[in-house]
Amino acid sequence: MGRRYFGTDGIRGTVGDAPITPDFVLRLGYAAGKVLAGSADVAAGSRPTVLIGKDTRVSGYMLEAALEAGFSAAGVDVMLAGPMPTPGVAYLTRALRLSAGVVISASHNPYHDNGIKFFSADGNKLPDDTEAAIEAWLEKPLECAASDGLGKARRLDDAAGRYIEFCKSTFPAAFNLRGLKLVIDCAHGAAYQIAPHVFHELGADVIPIGVAPNGFNINDGVGATAPDALVRAVRANHADLGIALDGDADRLQVVDAAGRLYNGDELLYVLVKDRIVTDGKVEGAVGTLMTNLAVEVALQREGVKFVRAAVGDRYVLEQLREHGWQLGAEGSGHILSLDRHSTGDGIVSALLVLAALKRSGRTLAQMLDGVTLFPQKLINVRMKPGADWKGSASIRAAIDAAEAALAGSGRVLIRASGTEPVLRVMVEAQQAADAVRHAETIADAVRAATT
């Protein structure tokens with residue numbers, strides 16, 4: 001049976017609309033607390049403790065209070081971290097030997113959205129069976145613990161400082177950032193206090209932007225999903241590099257001194273090349289169905305195997321574990337380096353990139369010399385609900401014709417949206433005109449067959 005509430009990245013929606021309402025979130029805290037209290041990992045007679053962190057959305061106060069009440073009613077203690085990047089919650093949960101971590105965030109979405117995601121005691125996203133158990137408890141009545149069994153809540157002292165030190169520990173001790181001018185865009189989000197300190201304490205001259213959250217401006221014209229602000233700031237300040245995080249700081253985009261933007265696909269290649277230097281060999285790396293073909297070809301030239309996961313950092317992580325590899329990424333800027341952290345971390349990923357540049361003595365453009373991303377054309381085609389696009393001979397013929405024409409110099413990817421009756425048509429080719437032409441031909445075939 002499919003999950004009713006949990007998606008690939010927790011539970012998310014518009015604040016005030018189900019399920020992101022205070023009454024549901026209170027019950028969610030209670031349900032999660034009951035699952036934790038019944039876990040075999042909780043010693044007899046002890047009380048589970050969870051950590052709650054959040055980004056800077058105004059709704060975070062309300063949802064934090066609701067979660068806290070739900071956990072307390074289930075007999076679970078709560079530590080409150082305040083504004084904290086998603087990977088910071090994952091780290092602190094693991095480092096403090098807590099039962100679970102909870103993040104209140106909708107990542108790169110606008111302020112009127114919010115969400116809840118959970119981490120297990122080891123700093124990983126919850127397994128499917130645990131999420132299913134929480135959903136089962138959501139169907140049961142809320143029975144508050146007796147007064148002597150209620151959970152307690154307290155603020156976690158120096159949560160930010162602990163995470164700052166962790167981030168710095170991932171940067172080679174032999175290196176520092178002295179002499180580098182960096183623009184750090186925190187998207188008015190969870191890392192607004194933390195990220196500038198990390199880079200400053202490692203010696204960089206830091207120019208922070210997106211560090212004035214007001215509850216409503218998270219991701220608004222700033223951050224990893226709106227990198228134009230970073231490009232302008234890098235050029236205006238004659239900076240060496242710019243780093244943009246998103247609202248919960250689990251992804252990044254990088255801009256060089258010339259104003260060129262580098263996405264997760266390109267940064268993955270840079271990190272693999274650096275790891276070959278430090279480790280002598282990298283067996284393989286993981287991208288997604290959307291990873292640019294040029295990166296796959298370039299990695300294979302280096303003798304590195306490449307596996308494509310479904311879109312979503314959760315699936316990249318699954319493939320990394322299955323193959324026993326360390327490095328994976330999405331073009332959106334989610335980068336995983338499992339020997340550094342259990343989850344994607346924008347700050348740590350930025351430090352890995354900076355370490356690679358320090359080690360090589362080269363710029364990003366130089367490290368990517370010979371890797372030219374293939375142009376991509378993406379068209380979203382709205383269909384009639386329930387339309388059988390897979391069974392259409394005309395759509396199949398259009399796809400086959402495009403693949404035959406590209407013949408190894410490009411690719412076609414067709415994906416149905418998981419939330420609306422939309423078919424995503426993506427064509428990648430060495431020439432932009434070819435990508436556009438083939439994508440439009442397939443899109444026309446989809447429209448004719450499904451609308």
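All positions are counted from 1 along the displayed chain.
Heads up, the Cβ atoms here are built off N, Cα and C, so glycines get one too.
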Same Mg(2+) site per Swiss-Prot - residue from S107, S120, S349, S360 joining D246, D248, D250: S107
Rounded Cα-Cα span from D246 (Mg(2+) binding site) to S107 (active site, phosphoserine intermediate), Å: 7
Neighbourhood of D246 (Mg(2+) binding site) by C-beta distance under 8 A, where only residues 6 or more apart in the same chain count: S107, H108, A187, G189, N219, G223, A224, T225, L252, G333, G346
Other same-chain residues whose Cβ falls within 8 Å of the Cβ centroid of S107, D246, D248, D250, the recorded Mg(2+) site, in sequence order: D55, P85, T86, S105, H108, G189, A190, A224, L245, G247, A249, R251, G346
